[in-house]
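TrEMBL feature annotations, pasted as is:
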BINDING   Arg134, 157-160, 228-230, Gln234, 292-295, Arg506, 517-518  substrate binding site
BINDING   Glu153, Asn155, Glu417  Mg(2+) binding site
BINDING   Glu153, Lys331, 413-422, Tyr424, 446-449, Glu480, Lys508, Glu514  ATP binding site
DOMAIN    220-328  domain 'Glutathione synthase substrate-binding'
Amino acid sequence: MTTEPFDIPSWPPSLTPIQLEALTLYATTYALSHGLLYLLPGPLPAISSAAIHAPFSLFPSPFPRKLFEAGQRIQRTYNVLYARIAMDEEFLDRVMGTETGVGKVDDFIGQLWTGWKQLRDEGLAQHLHLGLFRSDYLLHTLPNQPLSIKQVEFNTISVSFACLSQKISELHRYLLSSTQYYNCSAQLKPENLPPNRTISGLAEGLAVGHKAYNVQGSRILFVVQPGERNVFDQRWLEYELLEQHSIHIVRQTFEELAHSAIVDPHTSILRVSCSTDIHPSGSIEISTVYYRAGYMPNEYPTPAHYATRFLLERSKAIKCPTIALQLAGGKKVQEVLAQPGVLERFLRDEKRYGKDGIFSEHEVNELRSTFMAMWGLDVGENLLTADYDSIASGKEGFGVLKARDDAHALVLKPQREGGGNNVYKEAIPAFLDSLPPQERQAWIAMELIVPPEGTGNYLVRAGTIQAESQAAAKADVVSELGIFGYALFGGESREIKEKEVGWLVRTKGKDSDEGGVATGFSVLDSLLLVD
């Protein structure tokens, strides 16, 4: 999706030192008062009494209105696409399995796929899948070409910062309402700050899964990481589920679940014991398993951790996501989707999905327009199939040689989530020197997105408990847009119930390659729509 070049006055607008100090104070006190928070770094007690505000931008960042609306529109297609991928076992076996796919060379993916394959062979107790998704984009600009949005990645597990993204959107609206931003820009007006309802949207997705399970008194299980600092982003979902849907939740780590989770061998009901819970039996039936953990290899340090994951997968509780849907979010799948005819397989095949289940050629091409060029490091000259001869001989095949030649304009991606895993530009040749030939299949090369230059913002990061909050720091920035959606799908009908449910913006210094907020690269931001 493209649009004509857009032009706005220099950003951020000018403020006097007194105005900047006052605006920062308004913003930080609002953040602390409205749950835009992190727990402090370091070891966490059972109940932490100290928090700091999450990092954020002082101004919303400009973004073309037409491209934002295109991202919202395309999300509906992406929801269906990834639902269908997760239900296509043959495709996932071929792309991600241990015989011909990434699982052959990536131990983490191989462990997940092998466990999933065994559970399929035994017979799955639950055929419904639940996905909470986020598709991430950057603006892409090339000389003499219209501006466009290009996809960074599609996330199918533990999509984060949905709730805090709503809070930062509300913060910017508050600053506009309370100060008018000191009338520093005519662009800053309410109609250019789009509403953001991600808390209610993602809670609705979880509630849809809970309702499909349909057992009174059951609860949603949040599988969380130990020592989680980003707990408030999760708590807002918990509160929404209770207040708007009367659904209770249970929070436990993999370590806790190894002792507390039981699956009935006859009914496949998942029950979790909570010694501190007010539930009279002390054992709670789980309707939906919502993963805010489990996406990185270091979260499975022992076979017992994988066993716990597979125990949950074996149950009749609805998983968000299933292992199949987690595998569908792999970078290798993203690369394969860019190959000719693959999108048509999932979106235009009337024999597979019926006349009412196919998308128009325009809708498919609009989604395809968000792709950058990608290829696997193991591919031959056609950029489609693996070059097994070069892998067997240890010689560098076409995929690796092309990555060397184009390294200055590339990023290499493994099958990992969570940030900090990619290899960029000048670091690529040395990385390729050290990469064993048999591991090439686990990596994809993607052309770098080229964001527009000349946009800045004031970034506000908290200090520590011993130090005051840092002053707002002006920086040249790049902003990444994420669009959220959910889908409940599968079962005998293979029906897909889906919805687009909100957005986030993460803004980073223009010289930073990575973009994670939790990893310290970015700040939370919101949108200023421009025409």
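Using the three backbone atoms N, Cα and C, a Cβ is placed for every residue, glycine included.
Annotations in TrEMBL come from automatic prediction, not curation.
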What average pLDDT does the predicted model assign to the domain 'Glutathione synthase substrate-binding' (220-328)?
94
Note down the number of other Cβ atoms within 10 Å of the Cβ of Ser160 (substrate binding site), including every protein chain shown.
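Its Cβ has 19 other Cβ atoms within 10 Å.
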Among the binding-site residues Glu153, Asn155, Pro414, whose Cα is within 10 A of the Cα of Arg134 (substrate binding site)?
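For Arg134 (substrate binding site), the binding-site residues whose Cα atoms are within 10 Å come to Glu153, Asn155.
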Suppose the Mg(2+) site is Glu153, Asn155, Glu417. Which further residues of the same chain have a Cβ inside 8 angstroms of that site's Cβ centroid?
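Everything else in range on the chain: Arg134, Asp136, Phe154, Thr156, Ile157, Val159, Gly329.
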Just counting, how many other CB atoms are there within 10 A of the CB of Glu417 (Mg(2+) binding site)?
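Looking across every protein chain shown, the total is 20.
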Can you tell which of the binding-site residues (Arg134, Arg229, Lys508) has the fewest other C-beta atoms within 10 angstroms of its C-beta?
Arg229
Between Pro414 (ATP binding site) and Arg229 (substrate binding site), what C-alpha distance do you get in Å?
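So the alpha carbons of Pro414 (ATP binding site) and Arg229 (substrate binding site) sit roughly 25 Å from each other.
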How big is the gap, in Å, between the Cα of Glu153 (Mg(2+) binding site) and that of Tyr295 (substrate binding site), rounded to a whole number?
15
For Ala293 (substrate binding site), which residues of its chain lie six or more apart in sequence with Cβ-Cβ distance below 8 Å?
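The answer is Ser158, Val223, Val224, Gln225, Thr253, Phe254, Glu299.
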